[in-house]
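Shown next, in structure tokens, is the structure this report addresses.
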Amino acid sequence: MLTLTRIRTVSYEVRSTFLFISVLEFAVGFLTNAFVFLVNFWDVVKRQPLSNSDCVLLCLSISRLFLHGLLFLSAIQLTHFQKLSEPLNHSYQAIIMLWMIANQANLWLAACLSLLYCSKLIRFSHTFLICLASWVSRKISQMLLGIILCSCICTVLCVWCFFSRPHFTVTTVLFMNNNTRLNWQIKDLNLFYSFLFCYLWSVPPFLLFLVSSGMLTVSLGRHMRTMKVYIRDSRDPSLEAHIKALKSLVSFFCFFVISSCAAFISVPLLILWRDKIGVMVCVGIMAACPSGHAAVLISGNAKLRRAVTTILLWAQSSLKVRADHKADSRTPC
């Protein structure tokens, strides 16, 4: 257990503002990712074949719906149940662990999407790379099942690491600038060890994502040089596909790094320094990142854009019909 001589309190106004922002982020994130899920799932209901990228987007939207739900539960825990003067309760620790696992599955899916973009857009000249790209295109469903299996294995290992590690106490003495002496008694760092384990387990998919994204960037550079020499038309479908894919991957990289840094900072803020305001800021950042990438995916996917246009036209026609009906009812006979 951690005992500090000074504990920062959080006012009711701050907690209410944070909860309002959390509800808003949950609503936006749920709507955007539910939209991606429903558009692709509707094709499954109609028994239309899904492309490989649509299958990945379907799984990605499910994982992000789970992420948003966990972050919203974390916000409720912070504002109503988790006290600064007490150690982390088991429910909040469980939420953090589940978020780490869901975030790791999200990273594996993004790496899978990056590999898929490489196999579809890059023109390989080496025989091995051509066979590898063809294998990725054929085995995308098996890769998705493998991601689910890896997530389950990670869940079991994290639970085992969390509950099997023995309890211990570490006392640390810190001298502040005003010569204030703080005795830190840190007990049961199992959550932090599980957190580090999940981050280490995320290194392989992150490296895979970086390598495939780098290959796509190099391919885009080569394609643009080829266009300058041989092609005069600025509208090239291959170039547009490269740019859209890179926008999606670069935006995911930025959002993932920001979200991971916020998550990593939030753990010592709450365990060591009991800075609930800092944790609230980190949770808000973590909740905003999946919504931002979902918006980028919708803007870069033709099928999703058509669905958005259809919904907007339907809403506009419905409002027009309702307005005409009200105008007719007010007109005297």
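Note that Cβ sites are derived from N, Cα and C of the backbone, with glycine treated the same way.
On a predicted model such as this, the values are computed, not experimentally measured, just so you know.
According to Swiss-Prot, the feature topological domain 'Extracellular' maps to 1-17 (among others). When averaged over the topological domain 'Extracellular' (1-17), pLDDT in the model lands at 64.
According to Swiss-Prot, the feature transmembrane segment maps to 18-38 (among others). Through the fold, the transmembrane segment (18-38) approaches residues 57-58, 60-62, 64-65, 67-69, 71-72, 75-76, 78-79, 280, 283-284, 287-288, 290-291, 294-295, 297-298, 304, 307-308 of its own chain, all at least 6 residues removed from its boundaries and within a Cβ separation under 8 Å.
What Swiss-Prot lists as topological domain 'Cytoplasmic' is 39-55 (among others), and the listing cites sequence analysis.
For 56-76 (among others), the entry in Swiss-Prot reads transmembrane segment. Tertiary neighbourhood of the transmembrane segment (56-76): same-chain residues 18-19, 22-23, 25-26, 29-30, 33-34, 36-37, 40-41, 44, 50, 92, 95-96, 98-99, 102-103, 105-106, 109-110, 112-113, 116, 140, 144, 147, 280, 283, 286-287, 290-291, 294, 297, 301, selected by CB-CB distance under 8 Å and a gap of 6+ residues from either end.
If you look up Swiss-Prot, you'll see 77-94 (among others) marked as topological domain 'Extracellular', on the strength of sequence analysis.
Residues annotated as transmembrane segment in Swiss-Prot: 95-115 (among others). Sequence-distant neighbours of the transmembrane segment (95-115) (same chain, 6+ residues past either end, Cβ-Cβ under 8 Å): 53, 56-57, 59-60, 63-64, 66-67, 70-71, 73-74, 77, 136, 140, 143-144, 147-148, 150-151, 154-155, 158-159, 162, 191, 194-195, 198-199, 201-202, 205-206, 208-209, 212-213, 216, 248-249, 252, 256, 259-260, 263, 267, 286, 290.
Residues or ranges marked as topological domain 'Cytoplasmic' by Swiss-Prot: 116-142 (among others). Below 8 angstroms of C-beta separation, residues 52-53, 55-56, 212, 215-216, 219, 238, 241-242, 245, 248-249 of the same chain, each at least six residues beyond the ends of the topological domain 'Cytoplasmic' (116-142), sit close to that stretch.
Swiss-Prot lists 143-163 (among others) with the feature transmembrane segment, giving sequence analysis as the kind of evidence.
Sequence annotations record features per position, and here Swiss-Prot assigns topological domain 'Extracellular' to 164-190 (among others) based on sequence analysis.
Annotated N-linked glycosylation site per Swiss-Prot: Asn178, in sequence order.
If you look up Swiss-Prot, you'll see 191-211 (among others) marked as transmembrane segment. Taking Cβ pairs closer than 8 Å, the transmembrane segment (191-211) reaches residues 88, 93, 96-97, 100-101, 103-104, 107-108, 110-111, 114-115, 154, 157-158, 161-162, 165, 249, 252-253, 260, 264, 267, 271 in its own chain, all 6 or more past its ends.
The annotation topological domain 'Cytoplasmic' is assigned in Swiss-Prot to 212-251 (among others).
Remote same-chain partners of the transmembrane segment (252-272), defined as residues 6 or more beyond its termini with a Cβ less than 8 Å from a stretch Cβ, comprise 2, 88, 96, 99-100, 103, 106-107, 110, 184, 186, 189, 191-192, 195, 199, 209-210, 213, 278-279, 281-283, 285-286, 289-290, 292-293, 296. The transmembrane segment annotation in Swiss-Prot covers 252-272 (among others).
The topological domain 'Extracellular' annotation in Swiss-Prot covers 273-276 (among others), and the record cites sequence analysis as its basis.
Annotated transmembrane segment per Swiss-Prot: 277-297 (among others), in sequence order, evidence recorded as sequence analysis.
Feature annotation from Swiss-Prot assigns topological domain 'Cytoplasmic' to 298-333 (among others); the stated evidence is sequence analysis. Remote same-chain residues near the topological domain 'Cytoplasmic' (298-333) are listed as 32, 35-36, 39, 54, 57, 244-245, 247-248 (criterion: CB distance under 8 Å, separation of at least six residues from the stretch ends).
Across the topological domain 'Cytoplasmic' (298-333), the DSSP tally of helix, strand and coil residues reads 32 helix, 0 strand, 4 coil. For the topological domain 'Cytoplasmic' (39-55), residue counts in helix, strand and coil come to 11 helix, 0 strand, 6 coil, using DSSP. Same-chain neighbours of the topological domain 'Cytoplasmic' (39-55): 61, 113, 116-117, 137, 140-141, 144, 303-304, 307, counting only residues six or more beyond its ends whose CB sits under 8 Å from a CB of the stretch.
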